[in-house]
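These notes are about the structure you will find just below.
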Amino acid sequence: MSFDLAARLAERQAADLFRQRPLLQTPQGPQVRADDQELLAFCSNDYLGLANHPEVIRALQLGAEKWGVGGGASHLVIGHSTPHHELEEALAEFTGRPRALLFSTGYMANLAVVTALLGQGDSVLQDRLNHASLLDAGLLCGARFSRYLHNDAVSLANRLRKASGNCLVVTDGVFSMDGDLADLPVLCAEARARDAWVMVDDAHGFGPLGATGGGIVEHFGLGLDEVQVLVGTLGKAFGTAGAFVAGSEELIETLIQFARPYIYTTSQPPAVACATLKSLELLRREGWRREHLQRLIARFRQGAAEIGLSLMDSPTPIQPILVGDSARALKLSALLKDRGLLVGAIRPPTVPAGSARLRVTLSAAHSEAQLELLLEALAECWPQVQADA
């Protein structure tokens, strides 16, 4: 019996859920060329505008000249280079934790933590809107897996009472498709009352949130006692690639010994670690980037309200415009593209059915004038989409 892949693909196309990759023909930045069209992009996760920063580029070049290109082997064989080690130490200091551990991707970091800490007889409790990598990790770890209602401490408490064995509460810090924040103080209090650990994937919080860009944990003034496992990615606000886990000495050593996605993966190129060290320096030195970004967020939300757009409750650079129907979301995205603006339509299964949206993301690299162009285009296009409702 053959795999009927053609039927699966046709079904997805018929439901307006078929996804295609835009071909980027320039570096990351507000002004890009994609699919042979000059566009003003509002869909990148380069929140602080560091992905194409000349100092970061130069650090990568110098790193490649000194350390070569490939990692060569896994960290435990001979792939753990000095730049990797220096970056881990810098990230530990940045997060205020004893140690940090580098991973090649955020997906691998999340998979590594959950599968290394939990097994049969244990419990993992996750927010219903967590990132796919966290949900996959919960399914693969062998523990009892339960999802609590989004950001709902009462729902979490009910599940904590039924938990057995070692219990890990897992949440996004900033929810990637909604832009809202996890209510960490309340969630951590519930977990602590039941002797459970808390793991936060702050992929979208590091950089934009916190007085020094330290993310949602810094934003709420929490520490290692409240959030035992802190995960961050380096391909978003840091503008480079990879991810890290920060925590106690015992946590990091446990991951080195037992986390299969860490043990059996070639290390990232050491030159990338050199670039990330520079981007971390810029993130901490240039506070104006966060300040400018906050002004853009405030202006976008004000302008969107004037247009009558349905926004979600987000204080972050992620500003989703809720459309509902997938076909209408695609139409709004296409209308904007006709006007030289690139904003992606996010549809099921990435988001729940009936909640298709345009995921506007803002960057410190955007100017106020560029943001006004987006608002003007939305004011023109939104009535056309509403007419199809």
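Positions of Cβ are set from backbone N, Cα and C atoms, glycine also.
According to DSSP, HIS131 (substrate binding site) is assigned to coil rather than to any helix or strand. If you look up Swiss-Prot, you'll see ARG19, HIS131, THR350 marked as substrate binding site.
Taken from Swiss-Prot, the feature pyridoxal 5'-phosphate binding site applies to GLY106, TYR107, SER176, HIS204, THR233, supported by sequence analysis. Sequence-distant neighbours of HIS204 (pyridoxal 5'-phosphate binding site) (same chain, 6+ residues apart, CB-CB distance under 8 A): ASN45, TYR47, ASP172, GLY173, VAL174, PHE175, SER176, GLY179, LYS236, ALA237, THR316, PRO317, ILE318.
Summarising the annotation, Swiss-Prot assigns N6-(pyridoxal phosphate)lysine to LYS236 and lists sequence analysis as the type of evidence.
DSSP classifies THR233 (pyridoxal 5'-phosphate binding site) as strand under the three-state reduction. The number of other Cβ atoms within 10 Å of the Cβ belonging to TYR107 (pyridoxal 5'-phosphate binding site), over all protein chains shown, comes to 18. All protein chains considered, the CB of THR233 (pyridoxal 5'-phosphate binding site) has 24 other CB atoms within 10 Å. Fewest Cβ neighbours within 10 Å among the recorded positions ARG19, GLY106, HIS131, LYS236, THR350: that distinction goes to ARG19. If you take the Cα of GLY106 (pyridoxal 5'-phosphate binding site) and the Cα of HIS131 (substrate binding site), they are about 10 angstrom apart, rounded to a whole number.
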